[in-house]
Amino acid sequence: MSEKIVVLGAGVTGLTSAISLLKKGYKDVIVASKHVPGDLSSEYTSPWAGASILTIADHDDYRLQEMDLHTMREFERLSREEPEANVMPCKGIQYCEDPTLPGEDPHWVRKIYKNVKEIPKNELIPGVSYGYTFESFTANVPKYLQWLVKTLISLGGRIERKSFESIQQAIEEFPEATVIVNCTGLGSYYLTDVKDHTMYPIRGQTVTVRAPHIKASIVHTQHYIDSSNRWTYIIPRNDGTVICGGTVDRINRNTAPDDSITKDILERVYKLYPEITHGKGPSHFDIVGVNVGFRPGRKDGIRLEKETRRRSNDQKVTVCHNYGHSSHGYQSSWGSCAKLVELVSNERLSKL
């Protein structure tokens, strides 16, 4: 296909969008971004993710369910066929306060997870009403992002380090581009000709610890939507480290780690799974680092839309949007990017 496509943003969504377009047959795809894998900026969301491949779709959110199912199947394939992607199969354990909350419905999740088994009541941790185990995956984020870059280049794509104040600026700076894909995440709040004020940052603080004996991804959603902004989880990686979390704070904008939050996270994680320090207590974690990132929250969920704009010479340019993935950028990545390819390829579609 002869179209020249420019993808704005080199996070997991931008890179996966570009790869998906190249695999579809588009030959000329450029990713243009201020930040690229290897950068560690609070403006750049993807490096800070835990990347446990779980769904948070509600039982009647069929669009997100479809995207998450597509993504789960792709991560399953990557774990088998692409060792350099550093995707690790692991057991998932979900503890729920309320089975009607998003991502906790005991019925629809059976469509996305394999080997779902209810945890007997007498084996539940204190304070939860329901739990189940299943097969899942985690990604070693730094290595996974580098694999995305390598895959993009191997397919003929390119990355250019550029920053833009508007989509129109990108349209003018790439005069041969026929399609611009907006994957700027929180940047869509600031782009002067997007100004999506339904976007909001969600601060997440996590702690990376060394615990190679941990092989299961464990989530306890007791505090996911309460006023304490807490969400307790354990995400193992294939290098022996574990991401311990976390927070979902829509108010705090501090880019520096908060020691009191670090202490609270480790205490909650130890209470959830004492085996992580071999039962020695929350003061015995082998801490590798403390991380702060800002998820791209969006009131109306992922924006998958297409519009037509014009260059200064009146030439038409198609602009497609794929952003607003909140805390499920990795979990929905391949599915939302498959939808993006549909938008680009089908002239009759304007929104998905």
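For all residues, glycine too, the Cβ spot is worked out from N, Cα and C.
Automatic, uncurated: that is what TrEMBL annotation is.
Remember, it's a predicted structure, so these values are computed and weren't measured experimentally.
The FAD binding site annotation in TrEMBL covers Thr45, Ser46, Thr184. The feature D-dopa binding site is assigned by TrEMBL to Arg295. Here TrEMBL flags 4-341 as domain 'FAD dependent oxidoreductase'.
In the three-state DSSP assignment, the secondary structure recorded for Arg295 (D-dopa binding site) is strand.
Of all Cβ atoms in the protein chains displayed, 23 besides its own lie within 10 Å of the Cβ of Arg295 (D-dopa binding site). The distance from the Cα of Ser46 (FAD binding site) to the Cα of Arg295 (D-dopa binding site) comes to 8 Å.
Report note: the FAD site is defined by Thr45, Ser46, Thr184, and the residues of the same chain whose CB lies within 8 Å of the CB centroid of those residues, excluding them, are Gly9, Gly11, Val12, Thr13, Gly14, His35, Tyr44, Cys183, Gly185, Leu186, Gly187, Pro296, Gly329. Spacing of the residue listed as 'D-dopa binding site' relative to Thr45 (FAD binding site) is 6 Å (Cα to Cα, whole number).
Proximity of Thr45 (FAD binding site) to non-local residues of its own chain (separation of 6 or more, Cβ distance below 8 Å) is seen for Gly11, Gly185, Leu186, Gly293, Phe294, Arg295, Pro296, Gly329, given in sequence order. Counting every protein chain shown, the Cβ of Ser46 (FAD binding site) has 27 other Cβ atoms within 10 Å.
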